[in-house]
Structure formats: C-alpha cells, structure tokens
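Participant: Dumping the structure here so I can ask a few things about it.
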Amino acid sequence: MINFTRNTVLSKLFFGTILALMPLFLEGVLAAPPGIVPYMTNCSTCHQTKGEGSTNLAPKLSNRIGKIASFDEGRRYMLSVVFNGMAGRIVVDGMPFLGVMTPLGHLKDEDISGALNYILSLQNMPQIKPFTPAEVKAARSLPKKSAPQMTIERQKLIAAHGSF
Ligand code: HEC
C-alpha cells in the first residue's frame, strides 16, 4: 500500500514534470530553423553547426553564401556544389582556402532543399526565397561537372555579381 502510494506520487511527479516541460520542448521544436536536421546530419561536420566553417576543412557559409541565393545562377551554383562537390583553391573573406567537398547527390530532394534553407536562415538578409524539393529535382538532372569546372563556375559568378 505504501509502495503503491509512493509510486502514484512518483508517477504524478514524473508526468507532471513532463507536462510542465512540454511547452518548452514545443517552443524549441517550433523555433528550430527549417532544415536544421538535414544540415546537422550532412553538412555540419565540415561547415560547423552555425555555418561558421572551419580552417583547413570547410569555408564559412553563414552571412555570406545566402547573398548568391537571391539570383538564379547563384541558386543553381549552390545546388551544383551539392551535386558535384567541389575542390580547389577558392578565396573566402579575402583569405585563400583549399579544401575538398564530396558530392552529396545521394541525399533526398527534401533533405538538400532543407539543408540549403538552413544556410539561408543563417544570413543577415531577410526574405530570400526558400529552396523547394522541386527546384532540387530539376537541378539533379543537369549534366555533372568536374571540380575544376565548379571552380570556374564560381569565378564566373563572382565576375558577374561581385564576391560573396
Ligand atoms: C567533407 C566536408 C564537407 C561536407 C560534408 C559538406 N561540405 Fe560544403 N564545402 C566543403 C569544402 C571544403 C568546400 C570548398 C571547396 C573548395 O575549397 O574548393 C565547400 C563548399 C561549399 C559551398 C560553396 C561555398 C563557396 O564559397 O562557394 C556550398 C554552398 C556548400 N559547400 C554547401 C554544403 C552543403 C549544403 C552541405 C550539406 C548538404 C555541405 N556543403 C557538406 C566541405 C564540405
């Protein structure tokens, strides 16, 4: 009997605590930026959790790369980096950077759009049009590009729209 009462009290405490914490949990989930899960799973090891990048591993993406997502060639460039990967010397924030990104075309359309949308959420620029799975699907069927082609594409983008 004593045990029963004790268990009842304990279980009330347990469920009471869970109920009390529920709003906090929901708030965390609802406030989570879109695409955080596919980004954390597939990109953050190299580009880090807030897109801050890592010296000698992967360039910074936050407050930088979203600038090119506001025009079509830039969006196509972001998608082709994911499908083709990238390697070679690039300049980021005025500093030379040399690294290798493996192609990630095996990911699902919605995971790629999600990861890119997470990167957009790291910008100081409001209202950049989010990527859609349909946009990713269309880019998937484009011809594959080599690492040197990707570097040339990046240089063309900078020549036309300024550095990012
Ligand atoms: C294995 C590490 C690694 C992973 C995982 C990775 N990247 Fe990269 N990423 C890089 C490196 C390194 C570069 C720069 C390549 C170079 O130096 O030429 C890069 C470049 C980029 C660029 C172009 C940056 C620029 O300045 O032009 C984008 C966009 C990008 N990555 C997005 C992603 C996304 C989205 C994911 C996840 C779906 C991802 N990356 C996963 C290492 C990685």
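Glycine residues also receive a Cβ, built from the backbone N, Cα and C atoms like all the rest.
A TrEMBL annotation is a machine prediction, not a hand-curated record.
Pasting the relevant annotations from TrEMBL:
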DOMAIN    30-123  domain 'Cytochrome c'
Participant: DSSP helix, strand and coil counts for the domain 'Cytochrome c' (30-123)?
Facilitator: 44 helix, 16 strand, 34 coil
Participant: Across the domain 'Cytochrome c' (30-123), what does the mean pLDDT come to, as a whole number?
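Facilitator: Summing pLDDT over the domain 'Cytochrome c' (30-123) and dividing by its length gives 94.
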